[in-house]
Amino acid sequence: MVKVVKVYYDDEVSMDILKDKTVAVIGYGNQGEAQAKNMRDSGVHVILGLRPSGSSWKRAEKDGFEVYTIEEAVKRADIVHILIPDLVQPKVYREHIEPYLREGQALGFSHGFNIHYKQIVPPEYVDVIMVAPKSPGKRVREKYLEGFGVPALVAVYQDYTGNAKDLALAMAKAIGCTRAGVIETTFKDETESDLIGEQLVLVGGLIELIKKGFEVLVELGYPPELAYFEACNEAKLIMDLIYERGFTGMLKAVSDTAKYGGLTVGPKVIDDHVKENMKKFAERVRSGEFAKEWISKADKASEVLEELMKPIEEHEIEKVGRFIRKMSGLER
């Protein structure tokens, strides 16, 4: 059964609940900087909670924010919005946030991983909400400055005060997301669909599809540069068309030859066997097996990722890609 979602827009959401409240954004990276700036520009009192030795402290001060240690920011805040990487969140939460929480505060997240997989277990006397813009931080900020916004997801995990949903929607509006539209979801659905999408398509599947297409062309004797153009470079053009017009709009924009070849051969390459394989790995996410595996590597995540990236970094497609990007003026 397909779930029906509720979408909220700008004129349906009030920011009144944020009046006289302080939002402490924990972290000043990709999302932290964008969300903090947008909320501040929307009239919300925003402070930053950062490590004193961190490089982002001075940058946040330069950007005009009040910056405190994480502990002090939590003490001063009504809403503690945690925007640091998934694997470091539990330790930071246990040591620097949880001991200073008080009744009626709210914990905010932009990804449900640690709540859904019980790496963070909040006390019962706080609200727990999620506001998850569906774009990188840079675009979240750019679209806000253009007078628009990016779509977002909102969810409530724990509603101690009875106002958690209104709070999440108000924060989404302050970030600019209700200008585009905000979809109500759950921590479970956001977390699992995000991980499944990353692994099957956006990061895992896409890289392997492009890489294997490149390898086939090269193995058949075509120059690597031509292979790169056909398997990788032009993928952006197609994705831009899909992003702007959908599948049908993209197909109407390409040549009839490309259309016929793609529609007749594509389903035979990405066939039901591939779909079944996708379902198998989606179940690893749904069962918690993937999370358990990734969490077990938390202490050595950098080394693990470095090792996993080596074959990609050393692949011929990367060497050729650098050459093509220089030709295109994208790299020096």
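In case you wondered, yes, glycine gets a Cβ from its N, Cα and C as well.
Binding site for NADP(+) per Swiss-Prot: TYR28, GLY29, ASN30, GLN31, ARG51, SER56, ASP86, LEU87, VAL88, GLN89, plus GLY137 from the candidate set GLY112, GLY137, GLY147. Across the domain 'KARI C-terminal knotted' (186-331), the DSSP tally of helix, strand and coil residues reads 127 helix, 0 strand, 19 coil.
In sequence order, ASP86, MET130, ALA132, GLU190, THR191, ASP194 make up the list of same-chain residues 6 or more apart from HIS111 (active site) whose Cβ falls under 8 Å from its Cβ. Residues listed for NADP(+), TYR28, GLY29, ASN30, GLN31, ARG51, SER56, ASP86, LEU87, VAL88, GLN89, GLY137, cover a largest CA to CA span of 20 Å. In this structure, ASN30 (NADP(+) binding site) is part of a helix by DSSP. By neighbour count, meaning other C-beta atoms within 10 Å, the densest spot among the binding-site residues ASN30, ARG51, GLY137, SER255 is GLY137. Each of the binding-site residues ASP86, ASP194, GLU230, GLU234 was scored by the other Cβ atoms within 10 Å of its Cβ; the lowest score goes to GLU234.
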